[in-house]
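Below you'll find the structure, written out as structure tokens, and then a few comments.
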Amino acid sequence: MKRTLILGDTGLPKRSNDLLEVSNRIYDGKKHESWLLAFSPDQENLPEGFERIILVQDEGNICEDARYICAIIMDLHSTYAFDAILIPGTWIGRMVAPRLAKRLQVGLVAEINDVKTRDDALEFVRTAYSGNILSGIAITSSPPIILSIKPGIFTWEQKSGVNTIIQNYTKKLQSPSSLTCLKRKQRSVSYDIRDSKVLVSGGGGAKRAYPLLETLAKALGGEVSVSRKLVDQGIANRTIQVGQSGKIVNPRLYIAIGIDGAIQHVEGLRNVETILSVNTHSDAPICSISDVVVVGDAKIFIEKLLQRIALENEGTIHDQYRGERK
Amino acid sequence: MNIICLVKFVPDITGFTYDYHASAMVREHTRMVLNPDDECALSFAFKLKEQHPESLIHVVSMAPSSVVPHMHDLLRLPVDRGTLISDPLFAGSDTYATSEVLGTYLKSQEFDVILSGSRSLDGATSQIPGQIAQMLGFDHMLDITDIDVGRTSRTDAVFSIEGEKETTTWSMQLPGVLSLARSSTCKLPYPSYADLQKDVSDKLTILTNKELGIDSTHIGLEGSLTKVVHTYEANSRIREKTVVEADDEGIEFVFSYLKERGFV
């Protein structure tokens, strides 16, 4: 039986099983086994859906050491001979995948967003040329298939329960790495836009209104994200950037304020349910993929909408008050 | 310090062409610009040179010969030498074959640190720096947003990364590979007016596979382990849109729209 190894997403451990969907697509729904390599001090966070979870007790930040992770995967591969190794396209995954491919002397298709089968041959699809083109890529080297997967694209739905065997990885390997983490400082942004249900997103046209984005996001129960322009100008951080060089997001509602909608940005919005855009130009590219287009100034829009929401909330409070009086 | 800066010139996406039949990018006729992340890498090379004035900066690129004028532009900045690895035999190389060529060349060089960008604007798969580090047996770090030039020496580098939830500061033994991510502080200086027309061709070495001597089965299409078999245009879903103004009426529409869907 075919066997896939999936490297856990250490940032969002629960989401590691999204990569099961990639494995299902590779084997076209045929029976196969999927194993997870997880780094976790607590067993509470382990995702469902895997036949086996190989758990590394992470004492010395192994999950941030690409060379150590490669060594563990090489060790496991020599015993279990995986047919496919899937790596999430996260910060650490993007360091592990190329190294691993070089060590195994196999081709790597990086940051894929689709798997297709054509004439019985597998084709892995990724964006190229700054998102203008999708390339279907075949791997010509012999197995294992190594892929890194663009986060936020694939979602896995549980169909039937799987009994998971948890196997502790106790071997102590010598890491060749000299990397030492000297300092950690919590960042003010503590959310991951890949998890957001509502995103209020600002672009070049929202520069003046940037502080207001958060107020609107809060009022709608969501978070703030941005386009590349605000990152380049040093106004916002890369971790909340949407798009090809940022993140693929899948909120239910995406409010694009002052975003022109360059193809690299739109690339990050494929799975968004509702897009509302606010722009001074009704012919900006973002408008053609929007459900609602508001033509006008970003700041005025936010202020007016906040006022309207406040009015509604006031009403609700009054209604409640009346209810209590009755 | 001996600094090698790996750079790539990427197509300015406004005027690209793509050969759908050959499934390959037509790079020869596209206007090229220095990849933004690589610009960051080079700007940190200059900062390191300011701190350690004895430093030598060597810019290395693998590209068609049409980028020679762009290499010249970089050599008009405080760059000591440039190497362009260019041979029609390398055409069609995937990342595996590309890192094979660059890694083979870098093995022959003496340096303390390799600086590169984290992602290229056109490919954006971040594979080359990691594969080169693997070939050379070095450590590698991706998405570096700042190098502490004061604490970086020929034997150790100190740098930080703005991550998901935290900013982390790291030390790494050199030689090693540091990949920078674009941030607002990375700007290249302009060449001095006197240097604008300066002939810098003596600072540029162009190498072909004749000099590198890599087995022809390891380079180009033959040496590639992945192959583009199809190309598609990236079409986005066109939606039925409602257009309103940012006036009271428009806001009321937006409000009801959001309320109907349970967002307010």
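Cβ coordinates are placed from backbone N, Cα and C, and glycine is handled just like the others.
Please treat TrEMBL annotations as automatic predictions, because they have not gone through curation.
If you check TrEMBL, you get these features:
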BINDING   A:227-228, A:241-245, A:258-265, A:N279  FAD binding site
DOMAIN    A:4-185  domain 'Electron transfer flavoprotein alpha/beta-subunit N-terminal'
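Feature map: annotations from TrEMBL on the structure.
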residue: A:S227; record: FAD binding site; Cβ contacts under 8 Å, 6 or more apart: A:S201, A:G202, A:G203, A:G204, A:Q241, A:V242, A:G243, A:I259, A:D260, A:A262, A:H265
residue: A:S245; record: FAD binding site; Cβ contacts under 8 Å, 6 or more apart: A:R228, A:Q264
residue: A:G261; record: FAD binding site; Cβ contacts under 8 Å, 6 or more apart: A:S277, A:A284, A:P285, A:I286, A:C287, A:S288, A:I289
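According to its DSSP assignment, A:Q241 (FAD binding site) is in a strand. A:I263 (FAD binding site) counts 18 other C-beta atoms within 10 Å of its own C-beta, drawing on all protein chains shown.
Filtering the binding-site residues A:S227, A:I259, A:G261 for a Cβ under 8 angstroms from any Cβ of chain B leaves an empty list. A:H265 (FAD binding site) counts 26 other C-beta atoms within 10 Å of its own C-beta, drawing on all protein chains shown. Confidence across the domain 'Electron transfer flavoprotein alpha/beta-subunit N-terminal' (A:4-185), taken as the mean pLDDT and rounded to a whole number, stands at 90. Secondary structure at A:I263 (FAD binding site), taken from DSSP and collapsed to helix, strand or coil, is helix. Looking only at the binding-site residues A:Q241, A:G243, A:I259, the densest Cβ neighbourhood within 10 Å occurs at A:I259.
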